[in-house]
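First up is the structure itself, then whatever we jot down about it.
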Amino acid sequence: MDPFAEEENPFGEVEPERIHSDTSSTSRVAVSEPASPPRPSRALSSPPETPPSKRTTFPSQGSHRQPQVYKNDFCCVRDQWLHSGEDVEIQIMDAVKTSANATSPYIAYVIRAGNAEAHHRYSEFESLRTSLAKLYPTLIIPPIPSKQTIGEYAAKQAKAKEDAAMIARRKRMLQTFLNRIARHPILSNEHVFHRFLDGEVSWSEVLHSPPLSLLPKNILKAPSHNPTDQTSLPAYAALPNPSPAHPLRRPDQRFLDSEIFTNKFAAHLSGPMEKVTRRTMKRWSDYAQDHSELGATLNGFSLNESGQLSTAIEKTGQAIDTTYMSTTALLQEFEQDWAEPLHEYSQFASIIKKLLVYRHQKHVQYEMTQDQLEAKREQLDELEMSEREARRLEEALNQGRVSSITATRSRSADGETAATSTEDDEDAAETPQPEPSVYLPPHPGPNPVRRRAPGLGFLNALSYTLHGMMDVDPETARRNNISKTRETISQLEDALHLSAQDLKYSSSTIQADLDRFQRQKVADLREMTISMARSHRDWCRKNLAAWEEAKAEIAKIPDHPNRIPEGANGKATANRRDSTATINGR
């Protein structure tokens with residue numbers, strides 16, 4: 001177990017200097033080292049030990065359970081029962097075949113939670129887990145038993161869904177799933193889980209009512225702490241939708257270590273350990289089957305003999321039968337207390353991988369929002385610079401127009417004075433001249449009357465026509481673009497703030513739940529190994545007692561007639577059988 005040494009385990013306790021109590025929202029959030037929320041001292045107490053002599057089923061009550069948090073505001077009766085302070089346990093009492101509310105029969109599992117009883121099929125357990133994973137994207141949601149493979153369906157065909165061994169295994173693992181949720185400090189407070197245990201309302205109605213009906217399609221476009229918050233969805237719509245494979249500029253080393261450890265943990269569980277476990281169970285099963293056949297053969301053979309020999313052979317056959325039965329019991333305990341939890345923890349490894357991918361995407365989302373905001377700010381600077389240049393150019397053009405108009409006015413006034421003094425007709429009425437405007441608004445395109453450079457007349461005329469057809473004013477378009485860019489920057493600033501808060505919350509919550517999972521894993525592995533040792537000890541005790549009885553009966557068999565008699569001193573004259581004894585005795 002060197003790869004899983006404590007110093008390499010990123011799921012261990014967080015160093016004191018990394019724990020910060022200030023988790024308030026600020027405009028500038030340090031996301032390079034997101035803090036884990038401080039855990040109360042009660043969570044650090046060691047779990048109660050189970051007496052070795054007491055046989056318990058996995059998972060043992062309280063083996064990884066933190067002390068109960070007493071509540072005063074209960075949402076329902078199930079909530080009050082779960083937080084009553086007692087070691088409550090949810091049980092799956094039976095699995096019945098029914099066709100209620102369905103066109104074809106199915107297997108329904110009978111759940112007993114206190115005085116409440118509910119019936120749910122496997123697909124409803126699956127939808128419960130999926131719903132909890134969407135409601136709490138930063139928590140490790142316990143797994144449910146895997147679906148049957150195509151090979152199993154092909155081998156059993158129509159009887160695949162009614163296989164007794166598969167149903168018994170699902171009963172145990174689904175019960176473990178429900179009890180893990182009931183012992184979780186956060187998931188146990190979820191009212192959706194309480195309604196699942198009550199069974200008073202149809203599960204289809206629960207799925208189509210709040211809060212599950214308010215869940216968004218894309219969980220990345222919703223707040224991590226409350227994905228059903230409808231008021232924040234417009235602000236989250238501006239966030240990008242990153243790919244899980246997108247690299248990070250500034251990754252958090254803690255979560256990189258967590259990914260490396262999880263990959264090693266998953267590879268070790270799903271590789272060597274599960275393979276060796278399956279091979280071990282196969283050999284134990286063959287061993288039990290061989291003893292079953294051998295015991296039946298010896299019991300039949302004892303009927304052909306008589307006297308003490310027949311009794312000894314029968315006792316030997318019974319000892320072999322005891323070995324067969326104890327080995328069968330050992331196999332059942334080995335499957336329940338070792339193989340199934342081992343497979344469950346391989347599923348946990350996959351769940352943690354997805355959890356770390358979610359946190360990675362949230363970090364990428366933050367960095368991509370930063371990049372978009374910087375790009376928009378640079379675009380706004382360029383647009384504002386263009387606007388300032390346009391204004392300076394417009395002011396220069398206006399000054400030139402005013403000076404040319406003033407010169408034209410002075411020349412016109414001098415010409416009119418000279419013409420009036422030389423004319424004979426003094427009574428001619430003066431025609432009033434219109435006063436030209438000081439400011440001329442810019443034309444949307446080039447003026448076709450203005451003198452153009454040779455060869456550009458057609459292009460300028462075409463540009464003027466197109467501008468006129470589109471009715472585009474460059475100045476107005478530029479100002480509209482500036483206004484839209486400023487609005488986009490404002491939205492991105494809000495989105496960046498939300499993304500930073502999400503990243504900080506996701507990092508701290510995921511790290512805290514990983515710490516809780518590490519304590520749970522250590523307690524469960526301890527319970528698994530103790531259960532394995534206890535099962536082998538009981539197997540040896542049962543077999544030893546049976547073989548001691550067989551040995552006592554075998555000792556009662558009379559001596560062989562060809563055995564060398566003992567001497568006068570009470571000892572045999574030879575330690576080996578004389579091959580000539582039979583010949584001389586004729």
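Count begins at 1; order follows the chain as displayed.
Just so you know, glycine gets a Cβ as well, placed from its N, Cα and C.
TrEMBL lists 1-66, 225-250, 394-454, 557-586 with the feature region 'Disordered'. Taken from TrEMBL, the feature compositional bias 'Acidic residues' covers 1-10. Under the heading compositional bias 'Polar residues', TrEMBL lists 53-66, 400-410. What TrEMBL lists as domain 'PX' is 84-203. TrEMBL lists 433-447 with the feature compositional bias 'Pro residues'.
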Q | Chain residues in Cβ proximity to the region 'Disordered' (225-250) (below 8 Å; excluding those fewer than six residues from its ends, i.e. six or more beyond) | A | 32, 134-135, 137-138, 210-211, 214-216, 218-219, 357, 360-361, 363-365, 367-369, 372, 491-492, 494-495, 498-499, 502, 505, 509
Q | Counts of helix, strand and coil residues, the region 'Disordered' (225-250), according to DSSP | A | 4 helix, 0 strand, 22 coil
Q: Find the average pLDDT over the domain 'PX' (84-203) in the predicted model and report it.
A: 89
